Amino acid sequence: MKISRQAYADMFGPTVGDKVRLADTELWIEVEKDFTTYGEEVKFGGGKVIRDGMGQGQLMAADVVDTLITNALIIDHWGIVKADVGIKNGRIAAIGKAGNPDIQPDVTIAVGAATEVIAGEGMILTAGGVDTHIHFICPQQIEEALMSGVTTMIGGGTGPATGTNATTVTPGPWHMARMLQASDSFPMNIGFTGKGNVSLPGPLIEQVKAGAIGLKLHEDWGTTPAAIDNCLSVADEYDVQVAIHSDTLNESGFVETTLAAFKNRTIHTYHTEGAGGGHAPDIIKACGSPNVLPSSTNPTRPFTRNTIDEHLDMLMVCHHLDPSIAEDVAFAESRIRRETIAAEDILHDLGAFSMLSSDSQAMGRVGEVIMRTWQTADKMKKQRGPLPQDGPGNDNFRAKRYIAKYTINPAITHGISHEVGSIEVGKWADLVLWRPAFFGVKPTLILKGGAIAASLMGDANASIPTPQPVHYRPMFASYGSSLHATSLTFISQAAFDAGVPESLGLKKQIGVVKGCRTVQKKDLIHNDYLPDIEVDPQTYQVKADGVLLWCEPADVLPMAQRYFLF
């Protein structure tokens, strides 16, 4: 017996050759592979397959998955496929075909009495987002980020201190200890960066040994060539990443000076376009260096008619500037350039900018990383057309390029890709389920370490889960010791060896960063283009390999007002 393709999609979700529109964008993805055996699909519910003696077998808990997501459409850097996903002990155990191996063929994921089921039919499954530019100004950011689909936050801060309002720095062992202890309370993977601005190694080493997973160089603390060189030397010794916000005012040198101070060592350049800070007007040149891992922050994503006006006000507040002081106003205006922001759109589409992050509450919005990424992808498709690597009638390669910017590439950059950043067997089961119509805007379900940490949920007093008001609420993995079992605190190997988790009484699972210093841009998936960038110092026009980069600002964006009426 055969059923129509439409009926099949309605029952089990799309299969090979079917196309799905992402939210209200002009982006379409096409299913490349289906792990299902047709006629042997598993689905839970009354009269459905996953029942005793049918799709559910008799195996003990040790031999079946704890949680099964059925018939999900996976979007990840490695493919766009339809599969069942099995989770065991908080990690992704299998991607394949679920069922009862006693009676069904080709089963790679055994289902038993110990298995919970999440229906993925008609849903999109992605890895949780990794935001690597966090100012930890207030703890409420964490819930905001989680509800947007972000499951890992990396950055620095101590709360709403003036230093934290401007810089992603948790300075010194005492503050590092307090923030690590505080992070035990949140269903989020968290790692902290220390202050990198010092010219002798001792103050940096003590921060790494206290738990810092990286060091941040910020112009507001003085990003001089001496500080850059010293910071990178310590990072090389202790295998932690360095992030940099370079010298907008060009006081201690120009972009060439900073690039020379890197001495070909690996570094993550924040907001590499420059509106968020960095050598004016040409920090964007850095994205052409093989040792530079370039990212954007989300307020310039994508370039719209409102971008310039918004940025001037943001900058005055975030960097403690005084609008009555002419030099402060000139400093602000030097950072905001239409030409380089427009070029940033195109450099993302070419894969020259490799990552996207928030800059939370410090010229960025913590809950909009994912949304702004896909808005940029949509704008570029409309303005530049399909990418050469895309298949006929689909945007699969573009989708893989853009999802990598906030999942696998930041994870690789900061030495945590062995734990998070993609849907791959063995990794922490930080997973996000989306209805296609709400993709990138409002997730349906967020899993942390294999347990549901947050979800859209209706009235708790209703007779079913769906009545209004439906809004985001923390779920059971956000509470008690379940939180500690399902989320990670990242620290350096030096801190782990020094017994920092035990000495501070940390209860969350501990992840150790590794491989930070060997990463090169060529390792950043689908985003490794190394253009030769020129910036005209008078007009700010940007050229990549001799080609002028310019695009018009958008007047209207998808994934915007129609999703936020309620």
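The backbone N, Cα and C atoms fix where each Cβ goes, glycine too.
The annotation in Swiss-Prot ties His133, His135, Lys216 to Ni(2+) 1, and of the candidates under consideration, Asp349, Asp359, Asp378, Asp390, the one tied to the same site is Asp359. Secondary structure from DSSP puts His319 (active site, proton donor) in coil. In this structure, the binding-site residues His133, His135, Lys216 were compared by how many other Cβ atoms lie within 10 Å of their Cβ, and the smallest count belongs to His135.
Here the recorded positions are His245, His271, His319, and the one whose Cβ sees the fewest other Cβ atoms within 10 Å is His319. Cα-Cα distances to His319 (active site, proton donor) place none of the binding-site residues His133, His135, Lys216 within 10 Å. Contacts of Asp359 (Ni(2+) 1 binding site) defined by a Cβ separation under 8 A and a same-chain sequence distance of 6+ are given as His133, His135, Tyr270, His271, Gly276, Thr297, Asn298, Pro299, in order along the sequence. The Cβ centroid of Lys216, His245, His271 marks the Ni(2+) 2 site; residues of that chain outside this set whose Cβ lies within 8 Å of it are His133, Thr167, Thr168, Leu217, His218, Ala243, Ile244, Ser246, Thr269, Tyr270, Gly276, Gly277, Gly278, given in sequence order. Mapped onto three states, the DSSP output places His245 (Ni(2+) 2 binding site) in strand.
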